[in-house]
Amino acid sequence: MLLSDRDIRAEIAAKRLALEPFDDALVQPSSIDVRLDRMFRVFNNTRYTHIDPAMQQDELTTLVEPAEGEPFVLHPGEFVLGSTLELCTLPDDLAGRLEGKSSLGRLGLLTHSTAGFIDPGFSGHITLELSNVANLPITLWPGMKIGQLCLLRLTSPAENPYGSAAVGSKYQGQRGPTPSRSHLNFIKS
């Protein structure tokens, strides 16, 4: 069941759901807007001959932070990692779904490639997979609305929420745009 604005506010008031910093003006009828943080991870296209999900490739990306008051420019065809300004903490019976903002999609900005689902129990800044599919550069301003978080109530609390030892939660507590850790649980057959 998708939570309404009333339910979102009740979960935050009960301190079961946390988005810090919280701004009540960001609550929408069935979602809450999230804003863009100021850190980005850009890909180093000359460090490796290819990307291998089975390998740890520490120099695949570089952390970039625009100067105060300046935007990050995302060029056509470029893919970078960003993150939400908000630290998001979900209880064991709520899952999240990150969706892009329609107004930004109409400009050619994709907010996430595939990883729009947030497990119950997750706590951290949500990493964004930002792509420019337009023919012109797009300026990304720190603090701008970048997506909307929809919240879904589970039929019962998760037995092993994200962050529990049984799950192997590679991104719990992440701060800023976090590079892939796919190598940690990659299985070669």
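Residue 1 is the first one shown; counting continues down the chain.
Cβ from N, Cα, C; glycine included.
Keep in mind that what you see is a predicted model, and the values were worked out from it rather than measured.
Taken from Swiss-Prot, the feature dCTP binding site covers K101, S102, S103, L104, G105, R106, D119, T127, L128, E129, Q148, Y162, Q174. In the three-state DSSP classification, D119 (dCTP binding site) falls within coil.
Cβ neighbours of F117 (site 'Important for bifunctional activity') (same chain, under 8 Å, six or more residues apart in sequence): A95, G96, R97, L98. Feature annotation from Swiss-Prot assigns site 'Important for bifunctional activity' to G116, F117.
For E129, the entry in Swiss-Prot reads active site, proton donor/acceptor, with the evidence type sequence analysis. Around E129 (active site, proton donor/acceptor), the same-chain residues at least 6 positions away in sequence with a Cβ under 8 Å from its Cβ are F79, L81, L110, T111, H112, S113, T114, A115.
Annotated region 'Disordered' per Swiss-Prot: 166-189, in sequence order.
Residues 37, 39-41, 53-57, 60-61, 63, 80-83, 122-125, 127-128, 162-163 of the same chain, all 6+ positions outside the compositional bias 'Polar residues' (171-189), place their C-beta atoms under 8 angstroms from a C-beta of that stretch. The feature compositional bias 'Polar residues' is assigned by Swiss-Prot to 171-189.
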Notebook entry, point to check: Taking the Cα atoms as reference points, how far is K101 (dCTP binding site) from G116 (site 'Important for bifunctional activity') in Å?
Noted result: 13
Check: When you measure from the Cβ of Q174 (dCTP binding site), which residues in the chain that are at least 6 apart have a Cβ under 8 Å away?
Finding: S83, G124, H125, T127
Item checked: Coarse DSSP state, helix versus strand versus coil, of S103 (dCTP binding site) -> helix
Note to self: I need the CA-to-CA distance for S103 (dCTP binding site) versus G116 (site 'Important for bifunctional activity'), whole Å please.
What the structure shows: 18
Next item on the list: Using a 10 angstroms cut-off on Cβ to Cβ distances, just flag whichever of G105, G116 is the loneliest among these recorded positions.
Entry: G105
Checklist line | Extent of the dCTP binding site in Å [max Cα distance among K101, S102, S103, L104, G105, R106, D119, T127, L128, E129, Q148, Y162, Q174] | finding: 33
